[in-house]
Amino acid sequence: MIEPGIVPARRVNPRPPRRGIPHRPGLDGLRAVAVVAVLAYHVGGPADGGFLGVEVFFTLSGYLVTALLVAELRRTGRVDLGGFALARARRLLPALLVCVVGTVALVAWVSPGDLTRWRRDALASLAYVQNWQLVLGHVPYGEVFDRPSPLLHLWSLGVEGQLYLLWPLLLVGSLAYAGRRRAAAVTLALAAASAVAMAALVDLDEPGRVYYGTDTRAAGFLIGAALALAVLPRTARPRRTAASGALDVVGAAALIGLLWAFVRVSEFDEELYRRGGFALVGLLTAAVVAAAAHPATGLSRLLGVTPLVWLGQRSYGIYLYHWPIFVLIRDPSGEPRLADLGRVGATLLLAAVSYRWIELPVRRGLRRGPGGWARWRPAVAAVGATGAAAVAVLALTATPVPGALGPRPPATPVAAPAAPSAEPAPSTPAPSAPALPAPPPLVVGDSVVLGSADAIRSALGPGTTVDAVVGRQFSTAPAIVAAWVAQHPGPVVVHLGSNGIVRDADVDAVVAAAGPRPVVLVTVAVPRRWQQPDNAALATAAQRHPTVVLVDWAAVAAADPGLLGPDQVHPTAAGRTALAAAIAAALDR
């Protein structure tokens, strides 16, 4: 998804030269900033908005691809669409094949039972349609917190791959009937239409359709394309002018805005979807690109420092390899931050090896030079054969093998009550003033409850009903509780909010649906910006409603780091027991 640089950069690994647009190290530096944001987001660091780094990549790709196409059109009077497609394949496919094949091999080693579960993701990724596989397969957006596919991140390659097919045709057609500036205006109009489509189609409780859809994520790419049409990259001397000074001011302000968004924005913020937030990130990125692409700006020199250029040139591999490593490599040390550093280090090492020994040789070997194609034909054939073999293995895999990483929660709700105990309970005197009614409770939750279902039933007793689904949002709880209470007279326990915002109106609706029954609200432990407002909403609800009891699971988990797994969301075995015990204490069980 992240297009590597165009021609060699000084003081870094050389690249094959090419005619077209001048190479700007500052753009590599911007790639580095974006991929670091993505890494920080996935390690649960301070970058709640680090996922927006993908939008930066979209805008950069739109700019570079359009600039290359327009430069070829100006130079030769035509665009070789077949050559363009081959060039993209030469840059992107080798590392993608290695990523998918390597991930399949790693899954077969550490968790063979998941091969069947994830084979569709592998096939869809190689076909560049992973994003639509997620949409049409109705994969919950919240699955990113609930043992996701190690190839989930390749949805973004699907978006870009589809745009690489469509955009050259649209661009050539628009340039044939309109000037370059008019084509830029039309491109901006298409970007606005994409943002409007996102606002019209979004479901804030399940934003996957607009988050993964090519039509609703095209705005950033088109904004970058419009910039390339409006201001063609040219070889210029690094001489300061009033224009370069103005670019510096605008670009620096835009970069600060991007950094702020990486830290402060949440993927569940309404403004992101309904008020053009993604498109705004694209516009900020375009401003940074305009400044970084000018050789006389201070921003181009700042972003063009060697460490950033090194990271940026390898950002494609970093993006490809980081997610499988993060998902599949478990923490043997018990120190989550130490494990995160190890995963990041492994990602950088693998990306460096991939860049040096896979990506660059394929590009050089297929380009030119004495015996270039013949010299690299065996290596290219080996990569292709390996990819074909992986596709065949995935397609033929139909019988799951028991996984090596322990049992996985089912994909459907757990709603059947536990079997009653075979032995009668010992006779005990009834308490004089029971705190809560005796009927067995209903427990509603997401994957945290789903994974803790056995411990919860054991702690709360026979007849306990657990209704839990991966990726569930709190907004669905009122309808779920209303559907159960007609047949379930016991108290209601709700543990939701790990996957998004908890709204006061939804909490009040749950209490209203429960009627006179006691309601136990359990706070969430999730390393995301919505943890504090979610838990505040639950705490204030306990103050507003006399039937509500609060269980502060966030405080319990914070007091003992051993209660949460590597993602700092899902409980360990000890954590599942502690969560169940905290709920049981609130119910006097």
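Including glycine, each Cβ sits where the backbone N, Cα and C put it.
Note that TrEMBL annotation is computational and uncurated.
Marked as domain 'Acyltransferase 3' by TrEMBL: 25-339.
What TrEMBL records for 50-71 (among others) is transmembrane segment.
The transmembrane segment annotation in TrEMBL covers 92-111 (among others).
Residues or ranges marked as transmembrane segment by TrEMBL: 161-178 (among others).
The annotation transmembrane segment is assigned in TrEMBL to 185-204 (among others).
Under the heading transmembrane segment, TrEMBL lists 216-233 (among others).
Away from its own ends, the transmembrane segment (245-263) comes close to residues 33, 37, 40-41, 46-50, 52-53, 56, 281, 283-285, 287-288, 290-292, 294, 297-299 of its chain (Cβ-Cβ under 8 Å, at least six residues beyond either end). Among the features that TrEMBL reports, transmembrane segment is placed at 245-263 (among others).
Taken from TrEMBL, the feature transmembrane segment covers 275-296 (among others).
For 308-329 (among others), the entry in TrEMBL reads transmembrane segment. Residues of the same chain lying 6 or more positions beyond the ends of the transmembrane segment (308-329) and with a Cβ under 8 Å from any Cβ of it are 1-5, 9, 11-13, 15, 25, 27-36, 38-39, 42-43, 57, 92, 95-96, 99, 102-103, 106-107, 110-111, 147-154, 342-344, 346-348, 350-352, 354-355, 359.
Same-chain residues lying 6 or more positions outside the transmembrane segment (341-358) and placing a CB less than 8 Å from one of its CB atoms are 4, 13, 39, 43, 94-95, 98, 313-314, 316-318, 320-322, 325-326, 329, 383. Among the features that TrEMBL reports, transmembrane segment is placed at 341-358 (among others).
Taken from TrEMBL, the feature transmembrane segment covers 379-398 (among others).
Residues or ranges marked as region 'Disordered' by TrEMBL: 407-438.
The compositional bias 'Low complexity' annotation in TrEMBL covers 413-425.
Marked as compositional bias 'Pro residues' by TrEMBL: 426-438.
Scored on C-beta pairs under 8 angstroms, the neighbour of the transmembrane segment (185-204) with the top count among 50-71, 161-178, 275-296 is 275-296.
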